[in-house]
């Protein structure tokens with residue numbers, strides 16, 4: 001009959017117990033043939049007992065204490081005069097001894113894996129005197145192992161990887177199991193390995209636990225993961241041995257063994273001709289069963305009629321081929337394109353070249369769709385010139401645009417008024433002829449940059465833009481001007497021919513640095529014999545004293561008129577501008593004493609008058625509006641907690657200005673400052689004519705409509721509701737009360753309650769006035 005695991009363990013325990021009992025004579029204390037042991041005297045007595053090891057079986061499952069062994073001394077006569085005591089590891093707690101017989105028992109279940117042996121000490125004592133009759137001796141109780149621990153995989157479960165298509169016998173991973181039983185006793189700790197799950201793909205070495213591949217050409221694309229169950233069994237794998245298992249997950253890693261393949265041999269896409277450059281036309285992808293770097297591809301156009309129009313690139317994330325536009329499409333020029341595109345792996349494994357070329361090709365056809373395009377100008381920029389003397393309506397140039405579509409819709413032209421706010425130019429809507437609408441002035445604006453709009457007649461939403469640069473040609477329409485106003489002083493003793501003033505002129509016309517000016521005295525100044533003009537290379541003229549002439553001592557005068565002749569563009573212009581040269585002549589040395597006398601007399605007369613004037617002004621000076629008792633001259637922050645005086649406070653501003661915004665009032669003198677000259681005349685008023693108001697209003701609204709981007713591009717009717725500036729009778733508001741001479745009684749405000757108390761104090765007739 002077969003024994004189970006528990007019955008087999010009990011059998012081993014009984015067998016070990018029998019062996020221990022049969023070897024009891026080795027564990028007992030043998031009687032010595034020598035004399036008994038005495039402590040007194042110097043006589044040395046041979047030891048009368050000898051110790052040996054005790055063995056006890058682990059994992060005893062019985063109910064009675066397990067017998068370990070027996071202690072016995074030759075001195076013991078069996079009369080009960082000797083008692084035995086036990087000390088050391090586990091004494092009294094695990095191991096007990098019968099003090100009369102010396103029998104040792106184990107009271108607890110022992111586990112060799114927890115403690116393999118115990119060291120104890122035994123001694124025989126005289127029961128009456130409690131003195132040792134034998135020397136204390138040490139012995140060992142060794143726990144005898146049984147197979148009670150199964151093998152364990154401490155590092156499990158395991159994960160491992162192996163490249164797909166690996167040859168048979170390729171090592172995958174090594175597993176290791178440990179057994180807690182005694183490796184030196186029997187086969188309890190001798191382990192062998194076997195595979196319970198994972199065949200026939202993998203195998204395991206029985207002694208080493210190394211897992212290896214067992215089949216060739218395992219394909220990751222077919223199955224990429226395997227679950228293995230490995231068993232470790234002790235007792236060298238024999239029946240009755242204990243076993244443990246672990247799992248091993250094996251993943252097949254990818255290799256480049258699959259070439260890319262397009263799912264279709266041809267593709268077709270439709271794109272509008274208005275698609276901008278760099279836009280994506282299509283995305284294509286070649287299928288590759290591999291992953292990671294083994295699936296990376298590159299795309300290129302190898303043939304077709306769109307090599308320069310399209311390009312293909314790869315999306316690094318999705319490995320798609322992205323077809324984009326390199327040049328603008330034109331339906332009228334070409335309606336379709338054909339491309340031959342190749343996809344190839346970037347990383348090819350030489351071991352698998354026999355599987356075929358690692359590339360594939362497909363055909364992509366792109367159909368260009370027609371869209372309604374805006375008109376196109378014949379030139380992106382038109383350069384035109386016109387003289388600033390051109391009359392209104394003068395033709396400057398012509399722009400031309402056409403509809404690029406097959407319908408060739410007629411085109412109408414207009415000027416973007418955002419670029420011509422002052423409306424200097426007009427354009428014929430049908431012919432594109434640009435003409436002047438106002439007089440031009442080169443000195444105000446030398447170049448006008450305008451934008452011309454071309455709209456399809458059938459679809460006004462399609463608008464093309466052309467740019468026109470109009471250069472204004474200069475004419476000699478500006479008279480020369482003196483650079484500044486001149487005031488010159490000359491000394492009495494100036495030498496004849498001495499330069500006393502340099503005069504220069506400027507001209508706003510072109511060229512800025514190329515003018516030639518001619519200076520001369522007028523006929524009225526030609527009779528002046530004190531001064532003459534000298535030309536200085538046409539740029540400046542010099543006013544000099546005539547030779548042999550000295551300025552008269554009493555001469556303070558003006559050279560009345562200087563004619564400037566400017567020759568430019570075969571036109572002669574004359575400028576009547578005065579150059580004032582004031583000549584102050586001081587007295588000579590012979591009259592110096594007379595000069596000092598008069599100078600002193602003037603000082604003596606004017607000094608008292610000046611002092612008297614200062615005293616008078618200080619007396620008439622007003623006191624400051626803010627009084628400070630301490631007269632602190634430092635900077636102070638003054639706080640005012642006063643409210644305005646309402647209609648009666650007319651010192652700071654004129655209330656009449658609020659009644660009519662179009663009345664321009666003369667300057668009114670302040671009442672808190674004494675004026676030097678008091679004007680007694682009444683203020684004068686000047687009213688603006690109504691037609692000027694309406695004209696300015698319409699002109700402002702016209703400018704707003706021109707720059708409004710939401711306004712229609714064609715002529716439209718603008719309607720405005722404008723009431724003017726009010727009635728001739730002016731306002732009937734109470735603000736007019738400031739200029740009224742009629743007296744009104746506001747005492748009834750006091751009866752309206754506390755809310756109107758402030759108004760009652762301001763307008764009521766009380767005993768005192770708040771403001772004087």
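Glycine is no exception: its Cβ is also placed from the backbone N, Cα and C atoms.
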Remark   = Here TrEMBL annotates transmembrane segment, and of 568-591, 592-615, 616-639 the range meant is 592-615
Task = Helix, strand, coil: count each for the residues of the domain 'Cadherin' (263-377), based on DSSP.
result = 10 helix, 54 strand, 51 coil
Remark   = DSSP composition of the domain 'Cadherin' (482-538), residue counts helix/strand/coil, works out to 0 helix, 20 strand, 37 coil
